[in-house]
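Per TrEMBL, domain '23S rRNA (guanine(745)-N(1))-methyltransferase N-terminal' is recorded for 14-48. TrEMBL lists Cys15, Cys18, Cys31, His35 with the feature Zn(2+) binding site. Annotated S-adenosyl-L-methionine binding site per TrEMBL: Tyr75, Thr108, Gly109, His196, in sequence order. What TrEMBL lists as domain 'Methyltransferase' is 101-185.
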Amino acid sequence: MENPRIDLVLPQLRCPVCAAALQRTDRSVRCAGGHGFDLARQGYLTLLGGGSRAGQGDTADMVAAREAFLGRGHYAPIAAALAETATTVPAADDDGDTPLVLDLAGGTGFYLAAVLDALPAAVGLDVELSPYAARRAARAHPRLAAVRADVWQRLPLATGSAAAVLSVFGPRNAPEIARVLAPGGRLVVVAPSQDHLAEIIGPLGMIGVAPDKADRLARQLADFAVVEERAVRYRAAMTREDVTLEALMGPSAHHVDRDALTAAALALPDAVDVTVSVTVATYRPLR
């Protein structure tokens, strides 16, 4: 089986059961301990350990909504800021081994693809629990591989293998991030600010940004130091369909009734200027 994108990152991948190195054999990979894992025909590799939440992850509808929304360009400035920040990571600009950029819960690969465009020498790995997102990520960029794994478990990666780790609107397993970062590596976090999507959260019944979001992030990353922080804030002109897709692509999709959401969106103006407000922060491990 030809799957060159998985082959790009195979040297850094590890067995989720015993942490041994992996070798590819046609439509699967195996370790010396005899543990085997299948390559999906859509191109992604499943590396779920015994304690993983195999039945969870974003639904097909959520992933379709995300792909449609991101394809309309409303978050392109966030992707551009993330890519620009990634170019400042020392280990990602190394002239030696091919740098690996890891995106945790990277969804469809939208943000990682932008980073790889800015880092032509790097390869990317999207670690994502949802099979629907993983299959899209597997074709998002020629230098991007997708692995289905649980970011809250031990990551199926060698220690010190990632030049940069991205966390965009996603969970952050700080001990594992610190373990997989290479010397000189950095964590880049994109997190929503308090006024993110302020105009539509209330009318559409979406989940807003928790008041203690910044404090919780600081506690999560207590073993990291902030290297750089920048605010990205702008107004995006969105249609009713756009804001509906926004509500259906994230955690709010688990809590809103689709018919009620559609009715609420119809009550909005034809075009809504929506505040997009995030922080892009770079961190280094303290040890």
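Cβ from N, Cα, C; glycine included.
Those TrEMBL annotations? Automatic predictions, nothing curated.
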Alpha-carbon spacing, Cys18 (Zn(2+) binding site) to Gly109 (S-adenosyl-L-methionine binding site), which is rounded to whole Å: 28
Residue distribution over DSSP helix, strand and coil in the domain '23S rRNA (guanine(745)-N(1))-methyltransferase N-terminal' (14-48): 0 helix, 16 strand, 19 coil
S-adenosyl-L-methionine binding residues Tyr75, Thr108, Gly109, His196: largest Cα-Cα distance, in Å and rounded to whole number: 22
Cβ within 8 Å of the mean position of the Cβ atoms of Cys15, Cys18, Cys31, His35: remaining residues of the chain near Zn(2+): Arg14, Pro16, Val17, Ala19, Ala20, Leu22, Arg30, Ala32, Gly33, Gly34
Nearest recorded site to Thr108 (S-adenosyl-L-methionine binding site) by CA-CA distance, among binding-site residues Cys15, Cys31, His35: Cys15
Same-chain residues at least 6 apart in sequence whose Cβ lies under 8 Å from Cys31 (Zn(2+) binding site): Arg14, Cys15, Val17, Cys18, Ala20, Ala21, Leu22, Gln23
Helix, strand and coil counts within the domain 'Methyltransferase' (101-185) (DSSP): 23 helix, 28 strand, 34 coil
Residues that sit under 8 angstroms from His196 (S-adenosyl-L-methionine binding site) by C-beta distance, when 6+ apart in the chain: Val209, Thr275, Val276, Ser277, Val278
